[in-house]
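Can you keep this structure in mind? I'll have questions shortly.
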Amino acid sequence: MPHHYILTLFGLLPVATNISTWWNFGSMLLACLALQVLTGFFLAVHYTANINLAFSSIIHITRDVPYGWMMQNLHAIGASMFFICIYIHIARGLYYGSYLNKETWMSGITLLITLMATAFFGYVLPWGQMSFWAATVITNLLTAVPYLGTTLTTWLWGGFAINDPTLTRFFALHFILPFAIISMSSLHIILLHEEGSSNPLGTNPDIDKIPFHPYHSYKDLLFLTLMILFMLIIVSFFPDIFNDPDNFSKANPLVTPQHIKPEWYFLFAYGILRSIPNKLGGALALVMSIMILFIIPFTHTAHFRPMTFRPLSQLMFWTLVSTFITITWAATKPVEPPYIIISQVTATLYFIFFISMPLLGWIENKMTNTP
């Protein structure tokens, strides 16, 4: 074994020749994670987890700290980039049947849940108006849990309402969870390379593999450069594009915003929650919108691994993508017609995709005459 065995390990890692640019998003997610930890640390150094000082400390960071505005914007926009990359990464996994590598898929979905929790805690920290009310609405869903709901909510809040203890514990969780994400990411990568990446054809790539470096590393580097360029353009010219106007006002428990909504990357789940007029039903649908991803490896019935040769599944997949976009858009609108019916239809279509996949697999097996 050579001295620089870790570098050699990555350099000589055998990878399928035909993996496309859709396989680049894993390394981009790793870069996003590194950026978030780095910028997050410098922000935490200047942040004060106190309900009277949190909002002022964010203003202090953006105005007085050298390059604080850049750190703050990179951290906020980096979170959006993180979710763009992870949603594309999951979509690629769904399309090309990567979920059949069960351990990797399960660890990946667990990572997604941890990431969503981290992002939610982070959204509360600026203690702006939308931060406060989004936290109130989402954490209040715990009261829908039978018997234990009220106790759980009081325990999470650290009192009978969202207050100073809530902000302190959310900051502590937002700081510690990224380290759990780093550990789980390492596990995810180890589990992936035990079997190796899938490929667009879904065939066994053992007969045709090339070293990861330089062939795929340069391809990854290109997309990484484009992502960083895209981020820097947003930071420099449109830094508030993902921000909610209400969040520029300090949290006021006495004034409710006209339309409470979380960050854009939670809107699909929030749209599903809002589409059900029952509190417990909505909370269950919200949880199931993510948890349903766990069952996918066990409902695969097609003999072909990817959707490359499965036209009906392709149709359903692109319906899911358009449903995801539509429900995200509908969740930004007030709860009134026609947005209520749009949310309900798209929420139903979202779950139909996962329910219909095994049935479509059997139909496609008949179409292709595979036993």
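Backbone N, Cα and C atoms are what each Cβ position is placed from, and that goes for glycine too.
Swiss-Prot lists these features:
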type	residues	note
TRANSMEM	25-45	transmembrane segment
TRANSMEM	69-90	transmembrane segment
BINDING	His75, His174	heme b b562 binding site
BINDING	His89, His188	heme b b566 binding site
TRANSMEM	105-125	transmembrane segment
TRANSMEM	170-190	transmembrane segment
BINDING	His193	ubiquinone binding site
TRANSMEM	218-238	transmembrane segment
TRANSMEM	280-300	transmembrane segment
TRANSMEM	312-332	transmembrane segment
TRANSMEM	339-358	transmembrane segment
When you look at the transmembrane segment (280-300) alongside the transmembrane segment (25-45), do they share 3+ Cβ pairs under 8 Å, ignoring any pair fewer than 6 residues apart in sequence?
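As far as Cβ distances go (cut-off 8 Å, pairs 6 or more apart), the transmembrane segment (25-45) and the transmembrane segment (280-300) do not touch.
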Hey, how far is His193 (ubiquinone binding site) from His174 (heme b b562 binding site), Cα to Cα, in Å?
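Computed Cα spacing between His193 (ubiquinone binding site) and His174 (heme b b562 binding site) is 29 Å.
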Cα-Cα separation of His75 (heme b b562 binding site) and His89 (heme b b566 binding site), in Å?
20
Take the C-alpha atoms of His89 (heme b b566 binding site) and His174 (heme b b562 binding site) and report the distance between them in angstrom, rounded.
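Taking the Cα atoms only, His89 (heme b b566 binding site) lies 23 Å from His174 (heme b b562 binding site).
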Take the transmembrane segment (280-300) and find every residue of the same chain, 6 or more past its ends, with a Cβ under 8 Å from one of its Cβ atoms.
90, 94, 97, 99-100, 102, 105-106, 109, 112-113, 116, 141, 144-146, 268-270, 272-274, 347, 350-351, 354, 357-358, 361
The transmembrane segment (105-125): which same-chain residues, six or more beyond its ends, come within Cβ distance under 8 Å?
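Beyond its ends, the transmembrane segment (105-125) has Cβ neighbours at 47, 49, 54, 79, 82-83, 86, 89-90, 93, 98-99, 131-132, 134-135, 138, 166-167, 170-171, 173-174, 177-178, 180-181, 184-185, 187-188, 191, 262-263, 265-266, 290, 293-294, 296-297.
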According to DSSP, collapsed to three classes, what secondary structure does His193 (ubiquinone binding site) have?
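His193 (ubiquinone binding site) sits in a helix per DSSP.
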Quick check for the class: what is the C-alpha distance, in angstrom and rounded, between His188 (heme b b566 binding site) and His174 (heme b b562 binding site)?
21
Give me the non-local Cβ neighbours of His174 (heme b b562 binding site): same chain, 6+ apart in sequence, Cβ-Cβ under 8 Å, ordered along the sequence.
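Same-chain residues close to His174 (heme b b562 binding site) (Cβ under 8 Å, separated by 6 or more) are Thr118, Phe121, Gly122, Leu125.
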Just counting, how many other CB atoms are there within 10 A of the CB of His188 (heme b b566 binding site)?
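I get 21 for this one.
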For His89 (heme b b566 binding site), what is the secondary structure state per DSSP, taken as helix, strand or coil?
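Looking at the DSSP assignment, His89 (heme b b566 binding site) belongs to a helix.
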